[in-house]
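Down below is the structure, laid out as structure tokens.
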Amino acid sequence: ENLFLSGLTAVEKKLAEYKCNTNEAIQLKLVRFPEDLEDENTTFNPEYSHQVFGDDEVAFGYKGLKILLYYIAGNLSTLFRIEYTSKVNEKFDCVEADDVESKIRDIIPPGFCTNTDDFVSLLEKEVNFKPFGMLLHTYSIHNEEAGEDITYQIYKADMTCPGFREYHERLQTFLMWFIETASFIDVDDERWNYFLVFEKYNKDGATLFATVGYMTVYNYYVYPDKTRPRVSQMLILPPFQGEGHGAQLLETVHRYYMSSPTVLDITAEDPSENYVKLRDFVLVKLCQDLLCFSPVKLMQGFSQEMVTEAQQKLKINKQHTRRVYEILRLRATNMSDAEQSRSYRLDVKRRLIGPYKKKQRELAKMRRCLRPEEMTNQLNQIDLNLQREQLEESFQQLVSDYRRVLERLAQA
């Protein structure tokens, strides 16, 4: 029996060597020049691969597995190859390796290259690639490394643009690797708008365009004649993250819808924490000069005037306007003045306590049916203390988030 067990652990040990973390195995690249293929600095990895390889994010059956997904920087033509140093063998090891190839093929569109030569010859045609749709905004960012200003452009595209449908299919595969709950959208629904960010760069004296990121927005119909655009997906590709493109993109999209009389306001679908921070920054930047947000009015509290003005002029909904008000009021408040800081704290906590109060009422109803009176009072007391702590914690967290927004605003 012991022999059997030790034999088993040997097999297990051997098989354990054939497990690879898929976030490390998948190597992504955005290629501009042939030499980028050999340059390790241009490689980046997914943050997530659970949607393709399961919750463990593991591929079984290979040693030294590399899943190469290289994209030409502009039109995202794809090279897909799998490399490994060894693979388990059904005859000898009695186990089957995961079919990595078909898992990747499920999410990348057909028509990719499988060898480097084909890919490099496509790279030469990249000079013909132009952005899709209508130019909305041009901006430049100073790049320390290059020692110069780099120009970026934001376009609005739709499925009628020649070649855009196929390009979008390649672009959306990045969602799987960088958005935790990503899903592909139904591109045949004409209510989708697409906003794309490109970088202009030079190659052999020509101007080329590289894909930086994008956003999809769905236009919900609101009776009788309005729409409510809802931000669905937003991704700035990793090599470009932290440079301010997200803010440029979101502000440009806001300005695009602001000019439309039929748009009611802009919302977002299930926003991530990072997106909320980005939106806070962009909306505060847009709102700070509105008359309704003057320091005097901020000190008088949140008002209907703020809601109306932010919605009519900037297409911002009530919930987001409330956050903008809290951030701008924080800026106008002297937090080291006991009276001012107390007044601010109460104002924010009054909003935060809303959901607690609702829960409290529901609990009270339930308890009246279940328990004797004195028990209820004690429990309510415990609840209140806990609630106070949670409330204070939420408040502190919020203030530190708000301060970061204000710091970024001061630098903008």
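Note that Cβ sites are derived from N, Cα and C of the backbone, with glycine treated the same way.
Taken verbatim from TrEMBL:
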ACT_SITE  E269  active site, proton donor/acceptor
DOMAIN    18-180  domain 'Histone acetyl transferase HAT1 N-terminal'
DOMAIN    279-330  domain 'Histone acetyltransferase type B catalytic subunit C-terminal'
SITE      W192  site 'Interaction with histone H4 N-terminus'
> Considering the recorded positions W192, E269, which residue's Cβ sits among the greatest number of other Cβ atoms within 10 Å?
Replying inline: W192
> Mind checking how the domain 'Histone acetyltransferase type B catalytic subunit C-terminal' (279-330) divides into helix, strand and coil residues in DSSP?
Replying inline: 41 helix, 1 strand, 10 coil
> Just the number: how many Å between the Cα atoms of W192 (site 'Interaction with histone H4 N-terminus') and the residue listed as 'active site, proton donor/acceptor'?
Replying inline: 14
>> Just to confirm my parser: what is the rounded mean pLDDT across the domain 'Histone acetyl transferase HAT1 N-terminal' (18-180)?
In response: 94
